[in-house]
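A short worksheet on the structure shown next.
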Amino acid sequence: MNKKTIVVKFGTSTLTQGSPKLNSPHMMEIVRQIAQLHNDGFRIVIVTSGAIAAGRHYLNHPQLPPTIASKQLLAAVGQSQLIQAWEKLFAIYDIHIGQLLLTRADIEDRERFLNARDTLHALLDNHIIPVINENDAVATAEIKVGDNDNLSALVAILVQAEQLYLLTDQQGLFDSDPRKNSEAKLIPVVEQITDHIRSIAGGSGTNLGTGGMMTKIIAADVATRSGIETIIAPGNRPNVIADLAYEQNIGTKFIAHQSDRLESRKQWLFAAPSAGIITIDNGAQNAILEQNKSLLPAGIINVEGRFSRGEVVKIRTQSGKDIALGMPRYNSDSLQLIKGRKSADIENVLGYEYGAVAMHRDDMIILS
């Protein structure tokens, strides 16, 4: 039975539990839950904060000027400490992890988007848990995703997750500030993110983490518009991750917009104009339109234009009709060499391969 793919985002407050350093006992409990789900067949991806806090503690809380360079220094030192902490804890359960550091450029550039996605799927397919953070040591304002809430939503899209969990130091989203209003009630379900919901989330900001609620609402908006259910839940609740995975009602659930899933994917992948044309034979046309299959090199007759791996191209029939847009796994020069050939010949011809298909069905949109 195929279990769902879940992205779990841990904020610094969840990992430190209010202390100035990573809280190892709490991280151990987190790892125990994820190990249980991993062994039960769930595909888990971790998006982790905490590098700056780990770096500051490792350097014995140095007095540094409040500059971007200082933060990047702490992130550079702390990232290795953070990943080591995760690695040691997962090793107890004989589970391997793989680290990815991402910036916005890795997601917005189509070839890097494909590479990041392929790496994530390769890790998951080999039962390795990806641990992801924004590359704060080198990211500038222009290439930062912005925060790990937003990053986790983009990662959820990358891996086509069913669910995104945003774990925080709050119980979820309340209808007013519970510290100011004793009558404040937890909102268990949000059908749609409206201006009212945004105003609730942005209504207050404190060192307890409520100020970060707006970024979580923005992340939930991005994810749910891509068909990914999102839950804001308390990271310190016992067994919270496992309970969420097995459908217990905890925190605030944001309902996924299933009808928007395809349209958001069109916008995400195919906003740019096409860079070339791949002409296919009748067999490939039938496989794509009637059997919902990927495009194999054997079905390619001609390649027009110069394009890179991951750029958008048109798929055209022998009669001249454009039937699809898609992102090829190979650039135009490589496709010229492998067109009409069997997939088994790819590595012999090119000296490498990105897989047996020229264009995967997941990277293709059929034109009506």
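Note that Cβ sites are derived from N, Cα and C of the backbone, with glycine treated the same way.
Feature annotation from Swiss-Prot assigns ATP binding site to Lys9, Thr168, Asp169, Thr210, Gly211, Gly212, Met213, Met214, Thr215, Lys216; the stated evidence is sequence analysis. Annotation comment: Swiss-Prot describes Ser49, Asp136, Asn148 as substrate binding site. Annotation comment: Swiss-Prot describes 275-353 as domain 'PUA'.
The Cβ of Ser49 (substrate binding site) has 24 other Cβ atoms within 10 Å, all protein chains considered. Lys9 (ATP binding site) falls within a strand when secondary structure is assigned with DSSP. Here the domain 'PUA' (275-353) is broken down by DSSP into helix, strand and coil counts: 28 helix, 19 strand, 32 coil. Under DSSP, Ser49 (substrate binding site) is assigned to coil, being neither helix nor strand in the three-state scheme. According to DSSP, Thr215 (ATP binding site) sits within a helical segment. Fewest Cβ neighbours within 10 Å among the binding-site residues Asn148, Thr215: this applies to Thr215.
In the three-state DSSP reading, Asn148 (substrate binding site) counts as helix. Restricting the average to the domain 'PUA' (275-353) gives a pLDDT of 94. Secondary structure at Asp169 (ATP binding site), taken from DSSP and collapsed to helix, strand or coil, is coil.
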